[in-house]
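Following: one structure in structure tokens, then a few remarks.
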Amino acid sequence: MDARILQDNDDTSLPVNQASVTRIHKKPGKAEAEAAVRTLLLWAGEDPDREGLLETPKRVAKAYQELFGGYSESPEEVLGTTFEEVAGYDDMVLVKDISFFSHCEHHMVPIIGKAHVAYLPEGRVVGLSKIARVVDIFARRLQTQESITAQIADSMQRILKPRGVAVMIEAEHMCMAMRSIRKQGSSTITTTFTGDFKEKADQQVRFMTLIRT
């Protein structure tokens, strides 16, 4: 299949675990996606023509379109509208317990967790729902937890230009719970700090204290 090369060192809307040179192939059509699901059913030992599976290829293709909808969205669009009339407020803005789901890029099984996101505004703020939307944009892609954490922080720092951003993610990985070592209930915690959150220990302490209260 022919491929074209796209180079963009500043595009954090792309997963950060991709190289700055990203190979983009022609996107398959709906029929090709459904055929791929049918092939997987056959490979698993199933009969895709039995009654219960007749519509499965269509359903899976439709579900994947929603589950991986983050590829068609960008944080620039979501964070582009800000408000400057904040009566001089310049302290921490924290949105915690943002539930999300993603999919492991290694096994394509779910990652389920919650994100805590804070920033220190520099003269302007963004709608609170926009922060949750940014989490979803990056979560609805094939990911690693480390990448999601960094992408949220990097995009907010780059677009909003605040004095700092703090992100913590707590999640359970079904690739650990459902396969291999099969350890249900274990969680992974990742953090990323920029600006004042990275340079000032007291700001990190405030962030960590607030998300635990």
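From the backbone N, Cα and C atoms, a Cβ is placed for every residue, glycine too.
Keep in mind that what you see is a predicted model, and the values were worked out from it rather than measured.
Features of the protein shown, as given by Swiss-Prot:
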BINDING   Cys104, His107, Cys175  Zn(2+) binding site
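Taking the features listed in Swiss-Prot, we show where each one sits on the structure.
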residue : record              : Cβ neighbours (10 Å)
Cys104  : Zn(2+) binding site : 17
His107  : Zn(2+) binding site : 15
Cys175  : Zn(2+) binding site : 16
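Secondary structure from DSSP puts His107 (Zn(2+) binding site) in coil. In sequence order, His103, Glu105, His106, Met108, Val109, Ile111, His173, Met174, Arg179 are the residues of the same chain, not among Cys104, His107, Cys175, whose CB sits within 8 A of the CB centroid for the Zn(2+) site.
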